[in-house]
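Here is what TrEMBL says about this protein:
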ACT_SITE  A:Lys215  active site, proton donor
BINDING   A:Leu21, A:Gly22, A:Met23, A:Gly24, A:Asn25, A:Val26, A:Gly27, A:Thr28  NADP(+) binding site
BINDING   A:Lys115  NADPH binding site
BINDING   A:Glu200  L-homoserine binding site
DOMAIN    A:372-448  domain 'ACT'
Protein chains: 2
Amino acid sequence: MTEVGNRAVFGSDRPIGVAVLGMGNVGTEVVRILREHADDLRSRVGAPLVLRGVAVRRLDVDRGIPADLLTTDAEALVTRADVDLVVEVMGGIDPARGLIGAALSAGKSVVTANKALLADYTGELAAAAERSRADLYFEAAVAGAIPVVRPLIQSLSGDRVNRVVGIVNGTTNFILSAMDETGADYEVTLKEATRLGYAEADPTADVEGYDAAAKAAILASLAFHTRVTAADVYREGISNITAEDLETAAAVGCTVKLLAICERVPAGPGEPAPADGGKERISVRVYPALIPRKHPLSAVNGAFNAVVVEAENAGRLMFYGQGAGGAPTASAVMGDLVMAARNKFYGGRAPGESVYAELPIAPIGDTPTRYHVNLQVADRTGVLQAVAGEFAKHGVSISTVRQEGSDEGARLVVVTHHAEESALADTVAALAELESVTSVTSVLRLEGTEE
Amino acid sequence: MTEVGNRAVFGSDRPIGVAVLGMGNVGTEVVRILREHADDLRSRVGAPLVLRGVAVRRLDVDRGIPADLLTTDAEALVTRADVDLVVEVMGGIDPARGLIGAALSAGKSVVTANKALLADYTGELAAAAERSRADLYFEAAVAGAIPVVRPLIQSLSGDRVNRVVGIVNGTTNFILSAMDETGADYEVTLKEATRLGYAEADPTADVEGYDAAAKAAILASLAFHTRVTAADVYREGISNITAEDLETAAAVGCTVKLLAICERVPAGPGEPAPADGGKERISVRVYPALIPRKHPLSAVNGAFNAVVVEAENAGRLMFYGQGAGGAPTASAVMGDLVMAARNKFYGGRAPGESVYAELPIAPIGDTPTRYHVNLQVADRTGVLQAVAGEFAKHGVSISTVRQEGSDEGARLVVVTHHAEESALADTVAALAELESVTSVTSVLRLEGTEE
């Protein structure tokens, strides 16, 4: 039975044709590597990889490659008979979705870095790949050069992943690191990040957490064998984070990071526990949170990414590296391309979508996390008692309270044990109504503690 | 052409038979996972994985599994018709080598955690796998649960790896971390490590660097597409490291780690540079070295492992986690087992051995590293000049010198720029002859600096 998969399907002189969609930062690097490292790639695949064409929006730009390789007709390119593999690095939903679908339907294997597309349409694309027995690879869609998709799909395929926590957006990590280091406020730091090229002119997708949420959806799908889309991910961005938040964090030995968190949580209220046959759920969320400075993710600074995976047998693993940029992302694309090409040459296929577990998504309202609540209060006896009373009334257990004098009264910093989001929200609403509470200055989640 | 690799070769009810060789820490965990997670594994493979038998040395021990699954006849087990996959976790060269060879020749795919065997016999085993079109997987052979073999073979297959530096032996890292923390000497710490189960009764393979050297050979083979065996690896262990070495390291903002280093180095003396058509070489070595405390590997403490990979496009990646232990190693084995089973089920194959580059190994003598040389000298004028003169005479450039008064004269700590091992050895021999040098207290390499 081992015969079937191993025949060299192509003669060894038959080259494997590659089409590239998009020639931005990543596409340019992919084309460069295909040309500069042709000999190595040929040795690794078993047959030459030959660039058949690059789809671009405009032909009147000199891109340093022969003009006859460029085309604006991406649709024709992806189904050309001499194209075996399609690299999609144009980004966005349309026309990428249709082009990838057309390529897969025509039996071309596809390598994509398109997290937004995958977060919503992996099911559709994987089904197209399945029907025509083509491959869909997407290592570059999460955390750039860092191998995390393949480890989750393959290396951990015999383990049970309990939790994935990552810093998967370089722009926000650059901003938060800089705020932590300089003490500057968000707006100033964002401007600097834009000037340095770490943030785009319209930074919304990054700073509001949409990019991280797409990656969280992909990671959760892989980790839990369940289809998770961007709409399933609870999301908060960093645009409300203030210099004072970072100062407060530093005062308690923490820093602030935008985290993508995917984890198993208990069955819903009223459901039997998983041990008693109830179905466990998963929580997938992206938000800025305090993490202790001794947590391995707290040392991940600047535009770097890191993903921590906790599995039943493997324990805690961490993957660290460059999460964005032309060359690092192209490295991940090229690894996928070589594997897809080998499958074309030797037979064999990438593992398809694995969504058999179909775990329900827990709403953020009953996902317990710890909280760090900053209050401005009147500086008089009984305030602490009143505040503590509100926490108790809503079933939120307090871990520590710190009180500091300030010019306008006193400041209370309350750190809770794990509490459900809804209970905490009710507590905060009630605190704001207390006569002795001047204001609820900030509410930040606290992650990465053992408790 | 995509048809060939994707046919379900087995009917979906046909189970995939697994034989396990060895029931120590890892084998016990593999058997447990196969039984406890049978449903998940079936969903991930596409067919049930069924344990056909476990080869053990003695049958008179209760291992908590049905007695009819146990056998002492490993040879018969690995070629049984109902066995498709063989997991080898017995360790050692013989009889593992013959059993794996027999299994592969019979078309069974093999998953092994046996670094010592692979370091010397990957060529032979890979050839046997190639002949019968079976798979040979070995993620668990390096760094336990940490995916590093698969990332090197697959994820980085489209990149050019320049350097791999790892802490790949938990025993020595536990000892060095403890010495760094407690200030205790080597012998005391080794005893404690043995008591806690971190060191074996005969710790030679670990503390003398043989285990790390085997892993370095495997890593270098994968990183550089060149067959590297244990004999190609320059090796020094940690048994000569003293409490004073760690103290000296701390004084210069460093710690001491046993590093496995695999890197590209320039062409040999007299050869043209790689850019001019000369063949670059690779250096593979294992030794204790100072590394700066701000280097990411310096924070890897206790029995943990970490591997840093530097590639042309990906940049610097780090992989971190548990490098040993039954369950973590079993996690890596199980990931390989699921992939091997999928190949049996769907067709397709693991990438075979890739040794096309055939880069020569540079001898340690002309592999440049930085050095940290500790001298006890007479406390009088002119000593520094004499010492500096010897370095200059042998072409070893000094980066910094620090002089400290001590009870018996003075202590000189010299840190060099990159120097060839042979030049440094000549310098040290000459220093020892100097009338003003009482003794050369220690010579340690310094790694992980940018210089």
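From the backbone N, Cα and C atoms, a Cβ is placed for every residue, glycine too.
Bear in mind that TrEMBL entries carry predicted annotations, made automatically and left uncurated.
For the recorded positions given as A:Lys115, A:Lys215, the lowest number of other CB atoms within 10 Å of the residue's CB is seen at A:Lys115. For the binding-site residues A:Leu21, A:Lys115, A:Glu200, a Cα to Cα distance of within 10 angstroms from the residue listed as 'active site, proton donor' holds for A:Lys115. In this structure, the residue listed as 'L-homoserine binding site' belongs to neither helix nor strand by DSSP; it is coil. Each of the binding-site residues A:Leu21, A:Met23, A:Val26 was scored by the other Cβ atoms within 10 Å of its Cβ; the lowest score goes to A:Met23. Across the domain 'ACT' (A:372-448), mean pLDDT in this model comes to 92.
Contacts of A:Gly22 (NADP(+) binding site) defined by a Cβ separation under 8 A and a same-chain sequence distance of 6+ are given as A:Ala55, A:Val56, A:Glu88, A:Val89, A:Met90, A:Gly91, in order along the sequence. When the alpha carbons of A:Met23 (NADP(+) binding site) and A:Lys115 (NADPH binding site) are compared, the span between them is 17 angstrom. With all protein chains in the displayed structure included, the most crowded Cβ environment within 10 Å among the binding-site residues A:Gly24, A:Gly27 is that of A:Gly27. Same-chain residues at least 6 positions away in sequence with a Cβ under 8 Å from that of A:Asn25 (NADP(+) binding site) are, in sequence order, A:Gly325, A:Gly326, A:Thr329. Annotation for A:Thr28 (NADP(+) binding site): spatial neighbours A:Arg63, A:Gly326, criterion Cβ-Cβ under 8 Å with sequence separation of six or more.
In sequence order, A:Val20, A:Glu29, A:Val30, A:Val31, A:Val89, A:Met90, A:Gly326 are the residues of the same chain, not among A:Leu21, A:Gly22, A:Met23, A:Gly24, A:Asn25, A:Val26, A:Gly27, A:Thr28, whose CB sits within 8 A of the CB centroid for the NADP(+) site. The two recorded residues, A:Lys115 (NADPH binding site) and A:Val26 (NADP(+) binding site), have Cα atoms 14 Å apart. Summarised by DSSP class, the composition of the domain 'ACT' (A:372-448) is 24 helix, 35 strand, 18 coil. Cα separation, A:Gly24 (NADP(+) binding site) to the residue listed as 'L-homoserine binding site', rounded: 14 Å. According to DSSP, A:Thr28 (NADP(+) binding site) is assigned to a helical segment. Per Cα geometry, A:Val26 is the residue among the binding-site residues A:Leu21, A:Val26, A:Gly27 nearest to the residue listed as 'L-homoserine binding site'.
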